[in-house]
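Taken from Swiss-Prot as is:
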BINDING   G168, R169, S170, S193, I234  NADP(+) binding site
Amino acid sequence: MAQLIDGKKLAEDVVSTVKTETEKLVAATGIVPGIAVVIVGEDPASQVYVASKSKKAKECGFHSVQHDLPETASEQELLDLIESLNNDPAIHGILVQLPLPKHIDSGRVIQTISPDKDVDGFHFINVGKLGTGEVETAFVPCTPAGAMIMIERIHGRDLSGLNAVVIGRSNIVGKPMFNLLLAANATVTVAHSRTKDLPAIARTADILVAAVGRPQMVKGDWVKPGATVIDVGINRIPAPERGEGRTRLVGDVDFVEAEKVAGAITPVPGGVGPMTIAMLMANTLTAACRTAGVKKPVF
């Protein structure tokens, strides 16, 4: 039976470090990490995500502000707000909650955020830094950053000699995951929906990362015995056994089968998910440390 990688516990550890290092930063420099969260419209899921991020920021001792714009807000209004936040010295991290209404160009909005305050890690400059191995000076997207901490807890920071397979090529998870694994000296293969003989490729992995958004796509016989399996997927599927109309969350991996084969595995829920918000807090603290000219903490 595989070792369970407890994302909730790891996330608590990261947040605990953020709290401690924030107190040290404030005591030494007087700088309080500041994060601004911007939401456009009233999408219920987005409201829940934003509330949890704001709550966690306050728990960490951050200066946290939330800007709520109506669904009808123009793109220019949003861009003007971002520019004002770019110029606000009390704000070190800016997060625009996605998705945005259809009349707003998300790409343009993201590229308007100052790269130094882009704690989501989506600006072209941060993407480029990560792609050229400048991991220390980049902001890394929060989900793959959290997944890497999970991998490091099992294998250490140097992945030399290990084969990693990332299933999924999204800009948010798949591509940055590839770059992080490569920077840690793993031999990395990126696979996707058009990859030939995907199960055979997955079976070569000492570290298998699933990030495709397909419920339970990765079967137990895709997993190399003893491999570390990181399941990034969060999918809601019908659960008639719980009653009519009920649902449950599953990952991209068939957990029940994969757990029998893997050496270590993340559950869904309670795996990578909690790490995402924790790493957002870590990135915000890092931004404040860079502003203060002090060394950023290691997570």
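Here the Cβ of each residue, glycine as well, is placed from N, Cα and C on the backbone.
Annotation for G168 (NADP(+) binding site): spatial neighbours G174, M177, H192, V209, A210, A211, V212, G213, V232, D252, criterion Cβ-Cβ under 8 Å with sequence separation of six or more.
Most other Cβ atoms within 10 A: among the binding-site residues S170, S193, that distinction falls to S170. Within its own chain, R169 (NADP(+) binding site) has K175, V190, H192 as residues 6 or more apart in sequence whose C-beta sits under 8 angstroms from its own. Within the set G168, R169, S170, S193, I234 that the record links to NADP(+), no two Cα atoms are more than 17 Å apart, and one pair reaches that distance.
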